[in-house]
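Below is one structure, written out as structure tokens; the observations come after it.
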Amino acid sequence: MSVPSSAVRTYRITALAGDGIGPEIMQVGRAVLDAVAAQVGFSLQWQEGLIGGAAYEATGDPLPPETLKMAQESDAVYLAAVGDFKYDTLPREKRPERALLGLRAGLGLFANLRPVKIFPQLVQASSLKPEVVAGIDLVVVRELTGGIYFGQPKGIFTDAKGSRRGVNTMAYSEAEVDRIARVAFELARKRRRKLCSVDKANVLEVSQLWRERVTAIAAEYPDVELSHLYVDNAAMQLVRWPKQFDVILTENLFGDILSDEAAMLTGSIGMLPSASLGSSGPGVYEPVHGSAPDIAGQDKANPIAQVLSGAMLLRYSLDQPQAADRIEQAVEAVLAQGYRTADIYSEGMTLVGCREMGEKILAALAQQQASPQGSLSAPGG
């Protein structure tokens, strides 16, 4: 059934293609989002901004003020990838990756969500035994703005005797722990209602406060089962039996490490999306993988993480869960048909490039419902 044009809701999305393979995977992601929007009955108004190396080349700034303003005025930010080895010699504040910190700060983002779900068709791609990884479906919720990356004092200091000393400070306030805990509990409530909080409360005072506050917030969610693990044990358990986890909540440094460990359970980082959220305003949705400059422009990139990041955008920022489900089902259908990009290819499968993988996903969407579909040659404008 068609939707009357007057009833169609329009969302403003900021697209930040960035560097390396970013423009290629962004083209696929936008086409898929436009296609599913046409099916479900809403529209996307795209605005393009510069970020990372591309922004530095054009403006001398990896995050130009106009890009941040555009992001702040949008309903969601769809990001591809930033960075290139050629920028490694730039001053730290000019490097492409610094744009991500500025974007998160400018949008007030404090919660990073990384879903880790293995498609049945890719169980063999994992380095772990199939019986260990089959059925994995967990989310790592990482606090983004506190902890040792931001605590003060920090730096390298020289004492009176001329000896240098490096200092970083891991610190969290009650308010910071409470707000990230509520994000994790709300997410767990919508899933299997199990939350595991990861800390190092046996030796770190900051973790003792973390555990105390998470336990206190748990009283607001009696329907969610809370458990605690020390981070070293959590790292071991993720490899030993990852299916025990539903939602993992942890602080910045621990989350940085555990989310990458969890990512590799699936066999390819090219499959994994992420979301960074705040209390209000637009979230940022991006693949976990980097810009892969070594394969940029060669049609070799895997666009699936970008596509699945779009599904998260629909679910968390636009409140369009039906559209998100359609995208995820289309990706699974294409994998079931045996199509693989190089990073997930195995013998007997059909090797395709970035663009063709996108076309296959669009075709799978079209099979779900006979509606006008997007095209990779003309993503929405």
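In case you wondered, yes, glycine gets a Cβ from its N, Cα and C as well.
Long-range Cβ neighbours of Arg104 (substrate binding site) (same chain, at least 6 residues apart, Cβ-Cβ under 8 Å): Leu144, Thr145, Ser276, Val284. Feature annotation from Swiss-Prot assigns substrate binding site to Arg104, Arg114, Arg142, Asp232.
Proximity of Asp260 (Mg(2+) binding site) to non-local residues of its own chain (separation of 6 or more, Cβ distance below 8 Å) is seen for none. The Mg(2+) binding site annotation in Swiss-Prot covers Asp232, Asp256, Asp260.
Taken from Swiss-Prot, the feature NAD(+) binding site covers Gly290, Ser291, Ala292, Pro293, Asp294, Ile295, Ala296, Gly297, Gln298, Asp299, Lys300, Ala301, Asn302. Non-local contacts of Asp294 (NAD(+) binding site) by the CB criterion (under 8 A, 6+ apart in sequence, same chain) are absent.
Counting every protein chain shown, 15 other Cβ atoms lie within 10 Å of the Cβ of Tyr149 (site 'Important for catalysis'). As annotated by Swiss-Prot, site 'Important for catalysis' applies to Tyr149 (among others), with the evidence given as sequence analysis.
Here Swiss-Prot flags Lys200 (among others) as site 'Important for catalysis', drawing on sequence analysis. In the three-state DSSP assignment, the secondary structure recorded for Lys200 (site 'Important for catalysis') is coil. The C-beta environment of Lys200 (site 'Important for catalysis'), restricted to residues of the same chain at least 6 apart in sequence and closer than 8 Å, consists of Ser207, Tyr230, Val231, Asp232, Phe254.
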What other residues of the same chain, not counting Asp232, Asp256, Asp260, have a CB atom within 8 A of the CB centroid of the Mg(2+) site?
Val231, Ala235, Leu253, Phe254, Gly255, Ile257, Leu258, Ser259, Glu261
Which whole-number value in Å describes the distance between the Cα atoms of Ala296 (NAD(+) binding site) and Arg114 (substrate binding site)?
24
Given the recorded positions Arg114, Tyr149, Asp256, which one's Cα is the least distant from that of Gln298 (NAD(+) binding site)?
Arg114
Just the number: how many Å between the Cα atoms of Asn302 (NAD(+) binding site) and Arg114 (substrate binding site)?
18
Spatially, which candidate from the binding-site residues Arg114, Asp256, Gly290, Ala292, Lys300 is nearest to Tyr149 (site 'Important for catalysis'), comparing Cα atoms?
Asp256
Judged by the number of other CB atoms within 10 angstroms, which among Gln298, Asn302 is the least packed of the binding-site residues?
Gln298
How big is the gap, in Å, between the Cα of Asp256 (Mg(2+) binding site) and that of Arg142 (substrate binding site), rounded to a whole number?
7
